[in-house]
């Protein structure tokens, strides 16, 4: 067995499989990890680990740029975005780029610019990643002490945490500045069916912003996912950005308190588990937001929410049958409840039929027809506008239900379009990835705690069959 020439480079977990495969000192015998353990080989090589992370960022940004350009190349302006399987252009449109009244795309050039900028950025990151992975110093502590670190150094770790928090705060303020000063963002609630507007009257009242956190997560309340005006969303980003930046400064200037030093595990794997746990929470919240919220994720770009498509179907048939002479205020359905309209448990007038369970829905095309006690019968008889009929018919046939083979929409709706809503994709992918990240959090937390407690033995490798087999190479 080769001698360990640097104790700093050895991290004790035995995973002997193929000890002959050496990669410039990043082999199993010098690190304790085989090649397939990936970045675990670099736990104590801050320079190489930097290269791995920068290269990873390059791959992420390359995907964003390439996928962005792919969507631009395939985009058909005459069709809604959600019918074209797009997941990136809706985000750009929501930020107010390239769209006009009603969410109509009037200019695709900003989308092209976005893709090109991401591609160029990915090239810079890719170069930096390759440089630090192959050519740069193995460890940063000696040459660049500011960027160097030891995982056990609690003070340095909280400083790094602080820097990350400040960067997140700056990111939150970028959205604020876009909404306030740089052209505004798309507001699905703008009169007449949505438009891009500057957000001038921010909600900064802490009772409103933090009131969302205290709401019940169940129907009618909906926790933070129930936010339905952009003033609250942008005001929330002012609060969040400020908290992140102030918290970042705090963590840079202070050392961890004694209780934190005792309570937390201070190792690279522990920090990995904390991060995975946080990302899992983000994934679950994003899943709920994209599935239920049609303000942060406007239906013009992402397609209707499930409740929205269901209510749209009830509204469409109310309009049709009312024109054919039905008295929608008193007609009885097959169950004896109102066929078109009924009362909610708390007395509001709501749509009848199966969609009664979605009576919580708020949507820009429906709210003008509500009065102080729910849906207003006189408005339903006299005030329905053509744009509301068109939009509800469109949403009725584009329910965000579907399978991987693209058989989309409500199974019983004969006019449903064969597509899968980006809402389905984004909600499902974030739920699944959030779950995987949560499992990763549990796994790495367990390993980190075991290592800290001193009973991390690994498997006894002395008599493992694979050790007596001929090496693959």
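The backbone N, Cα and C atoms fix where each Cβ goes, glycine too.
What Swiss-Prot lists as phosphothreonine is 15. Taken from Swiss-Prot, the feature N-acetylthreonine covers 15. Residues or ranges marked as transmembrane segment in Swiss-Prot: 69-93, 134-155, 178-200, 255-275, 291-312, 447-471. Look at Swiss-Prot and you will find 367 tagged as [CaMn4O5] cluster binding site, backed by sequence analysis.
Beyond its flanks by at least six residues, the transmembrane segment (255-275) meets 43, 151-152, 154-155, 157-158, 440-445, 447-449, 451-452 of its own chain at Cβ-Cβ distances under 8 Å.
Listed as Cβ neighbours of the transmembrane segment (291-312) (distance under 8 Å, sequence separation of 6 or more from its ends, same chain) are residues 80-83, 89-90, 93-94, 102-103, 186, 188-189, 194, 222, 225-230, 233, 351, 354-355, 358, 360-366, 391-396, 398-401, 410, 421-423, 426-427. A helical conformation is recorded for the residue listed as '[CaMn4O5] cluster binding site' in the three-state DSSP classification.
Cβ neighbour count for the residue listed as '[CaMn4O5] cluster binding site': 11 (other Cβ atoms within 10 Å of its Cβ, all protein chains included). Within the same chain, residues 99, 103, 105, 108, 110-112, 114-116, 119, 186, 297, 300-303, 394, 398, 417, 419-423, 425-426 sit at least 6 positions outside the transmembrane segment (69-93) and bring their C-beta atoms closer than 8 Å to a C-beta of that stretch.
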